[in-house]
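Enquirer: My questions all concern the structure below.
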Amino acid sequence: MARRFLAVFAVALALSQSASAKSWLDKRFNTDGTVRTGYDASGQEVVMLNLNQQSGAAGFNSKEQYLYGEFSIQMKLITGNSAGTVACFYLSSGDDEWRDEIDMEFMGNSSGHPVVLNTNVWANGDGKKEHQFDLWFDPAADYHTYTIIWNPENILFKVDNLFIRSFKRFAGLPYPSSKPMRLHATLWDGSYWATEKGKIPINWSNAPFVVSYRNFYANACVSGGACHAGSDRWMKKQLDAAEWGTVKWAERSYMRYNYCDDGYRFRQGMPGECSRY
């Protein structure tokens, strides 16, 4: 009996140590709303954001601020009818009108329709730079990895191993380069905007809505501190020919909206970068 107890205790201790080693939420983030945690079979911490009509939005927000870096996380989105919901992974300098922000926003869908990934960049309060894509897989069936690379020359958006967008820095045009930003993950009611331009609101009878996050990674320059080892890999990163090929593939096959094609929206003139790509 004692030997069996010791064996069980050793397994439990090993699992506890594995989970502790891979725990990232409490160490690096503060939370808002209904946020639950658990561990998968491999010991990875899983963070679940929960949204219902009573609890309101949920999220986690980094304790540190960053100025450039590579950030990624694995997400499994809401199953079934998620219309009206918005799940996010993004960087932001704050809520003021002059903020910088880099967004990956997943706009909920009616059952059977694709989830739309909205990518956007704000610089000194200048936004409206959206590229939107229909995801080419079911993002609720399994985890997928979403990555933002932010350096002095460009901002890169990546889904799994495929780059889908490069937002370049051009002389004389706004670019996020001086304001430290916190990293956020949120789940909220975007009924006014998210699905078919707000035509389909949240159906609260489907609540609670749950988005799961795991395997968070950041290699970044902390505001007021040093850059992590290995930062040269992303600090100088620009797309090569093959990676530009995946961007063109995503644009050709799955792009739903490109702000540079929206002459009606920009009747006073297109944003300056649109003519430089």
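Glycine is no exception: its Cβ is also placed from the backbone N, Cα and C atoms.
As annotated by TrEMBL, active site, nucleophile applies to E101. The active site, proton donor annotation in TrEMBL covers E105. Under the heading domain 'GH16', TrEMBL lists 20-213. Look at TrEMBL and you will find N109 tagged as N-linked glycosylation site. If you look up TrEMBL, you'll see 1-21 marked as signal peptide.
Show me how these features fit into the shown structure, please.
Expert: A sphere of 10 angstroms centred on the C-beta of E101 (active site, nucleophile) encloses 20 other C-beta atoms.
Residues belonging to the domain 'GH16' (20-213) score a mean pLDDT of 95 in the model.
Other C-beta atoms found within 10 angstroms of the C-beta of N109 (N-linked glycosylation site) number 26, with every protein chain shown included.
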Enquirer: Reported as an integer number of Å, what is the Cα distance between N109 (N-linked glycosylation site) and E101 (active site, nucleophile)?
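Expert: That separation, Cα to Cα, works out to 24 Å.
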Enquirer: Taking the Cβ of E105 (active site, proton donor) as reference, which residues of that chain separated by at least 6 in sequence fall under 8 Å from it?
Expert: V86, A87, C88, Y90, L117, N118, T119, N120
